[in-house]
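Under the heading ATP binding site, TrEMBL lists Gly10, Pro11, Thr12, Ser13, Val14, Gly15, Lys16, Thr17. Summarising the annotation, TrEMBL assigns substrate binding site to Thr12, Ser13, Val14, Gly15, Lys16, Thr17. According to TrEMBL, the region 'Interaction with substrate tRNA' annotation covers 35-38. Feature annotation from TrEMBL assigns site 'Interaction with substrate tRNA' to Ser101, Arg123.
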Amino acid sequence: MMDYLIALYGPTSVGKTALSIALANLWHCPIVSADSRQVYRELRIGVARPSPGELEAAEHHFIADRSVRQRFSCGQFEEEALQRLAEIFQRGHVAILTGGSMLYLDALTKGIAPLPEPDIALRKTLTARLNSEGVGALAAELRERDPATWACIDRQNGARVLRALEVTLQTGTPFSEWMELKPKPRPFTVVNVGLRREWPELTERIGLRVEQMLADGLVEEVEGLLPYRELQPLKSVGYSEIFSYIDGLLTLQQATEAIRVNTRRYAKRQMRWWQRDASIAWFLPSQFREIAQYVDSRLV
């Protein structure tokens, strides 16, 4: 039997966690998380980490398995995840891949493009601009030079915006064109499944999730993370807005609404990213039987 990776895509709040666990129980296989923030043990509420019960329901990888103080890049994820998949396949299992980080999902299923090594002088210049002008200034220039990347990238993530702009400026080729390169064939077959909901339903679920995060103690979690606020994972949706509330720049109501708005924007970027991929078969989360049948038909 060939080795299979079942990749489950979908925007934030669509219901990937519940479906991935149901599929893992159906095929008695582990789940590999492709979430760039859930990997950190200090981040729980703001990243919607699966509950203890959900984590016990199936074997999970890359959930809360390192400190936010440890740098963890997309390239590191690709390397470590390939090693873990090899171990999983050696046990005779298929594996389920799910998460919302577009680059992490692409890194494992397709391979990261062979990007050039950073130009030290250019990196220093862009880093200085990021610190003095903010991520918005770099994102604005990225929009002019590479609108395709600008439309999909997390524009609050300074490190990713900087790297995309850096590659574009350094090489004269838009970052989006670099990402179209597929240099690394995989020694396993990927079955791509996407989850979708109608936009009004998804936005309602996003709003309910934000309310639940606050009820679960998001503000208190962020207060405990104040010593780490300059680290990149904490300059993201759900954390940056609450830091602004703590700093007195926003009311709690304003911060809450900002989280809702920024999460909706991120969900739109996720969908734009995956709509490029014709290999993804899209289903409603309620279509569990159809999803299982579709995947079964592709497992030889």
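We count from 1, first residue shown onward.
Note that Cβ sites are derived from N, Cα and C of the backbone, with glycine treated the same way.
Values in this document were obtained by computation on a predicted structure and should not be read as measured data.
This view paints the features noted in TrEMBL onto the structure.
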{"residue": "Gly10", "record": "ATP binding site", "Cβ contacts under 8 Å, 6 or more apart": "Lys16, Gly100, Gly194, Leu195, Arg196, Gln270"}
{"residue": "Pro11", "record": "ATP binding site", "Cβ contacts under 8 Å, 6 or more apart": "Gly100, Arg196, Leu202, Tyr266, Ala267, Lys268, Gln270, Met271"}
{"residue": "Thr12", "record": "ATP binding site", "Cβ contacts under 8 Å, 6 or more apart": "Ala48, Gly100, Ile206, Thr263, Tyr266, Ala267, Gln270"}
{"residue": "Ser13", "record": "ATP binding site", "Cβ contacts under 8 Å, 6 or more apart": "Leu202, Arg205, Ile206, Arg209, Thr263, Ala267"}
{"residue": "Val14", "record": "ATP binding site", "Cβ contacts under 8 Å, 6 or more apart": "Leu195, Arg196, Arg197, Leu202, Arg205, Pro285"}
{"residue": "Gly15", "record": "ATP binding site", "Cβ contacts under 8 Å, 6 or more apart": "Leu195, Arg197, Arg205, Pro285"}
{"residue": "Thr17", "record": "ATP binding site", "Cβ contacts under 8 Å, 6 or more apart": "Ala48, Pro50, Glu54, Thr98"}
{"residue": "Ser101", "record": "site 'Interaction with substrate tRNA'", "Cβ contacts under 8 Å, 6 or more apart": "Ala34, Asp35, Ser36, Arg37, Cys74"}
{"residue": "Arg123", "record": "site 'Interaction with substrate tRNA'", "Cβ contacts under 8 Å, 6 or more apart": "Leu162, Glu166"}
Report task. Using DSSP with the three-state reduction, classify Ser101 (site 'Interaction with substrate tRNA') as helix, strand or coil. Result -> coil
Query raised in the report: Which chain neighbours of the substrate site, leaving out Thr12, Ser13, Val14, Gly15, Lys16, Thr17, have a Cβ atom within 8 Å of the mean position of the site's Cβ atoms?
Result: Gly10, Pro11, Ala18, Gly100, Leu195, Arg205, Pro285
Query raised in the report: By DSSP, what is the split of the region 'Interaction with substrate tRNA' (35-38) into helix, strand and coil residues?
Result: 0 helix, 0 strand, 4 coil
Query raised in the report: Near the ATP site, what residues other than Gly10, Pro11, Thr12, Ser13, Val14, Gly15, Lys16, Thr17 in the same chain have a C-beta no further than 8 Å from the centroid of the listed C-beta atoms?
Result: Gly100, Leu195
Query - Conformational class of Pro11 (ATP binding site) under the three-state DSSP mapping - result: coil
Query raised in the report: Using DSSP and three states only, what is Thr17 (ATP binding site)?
Result: helix
Report summary line: Model confidence for the region 'Interaction with substrate tRNA' (35-38), as mean pLDDT, reads 96
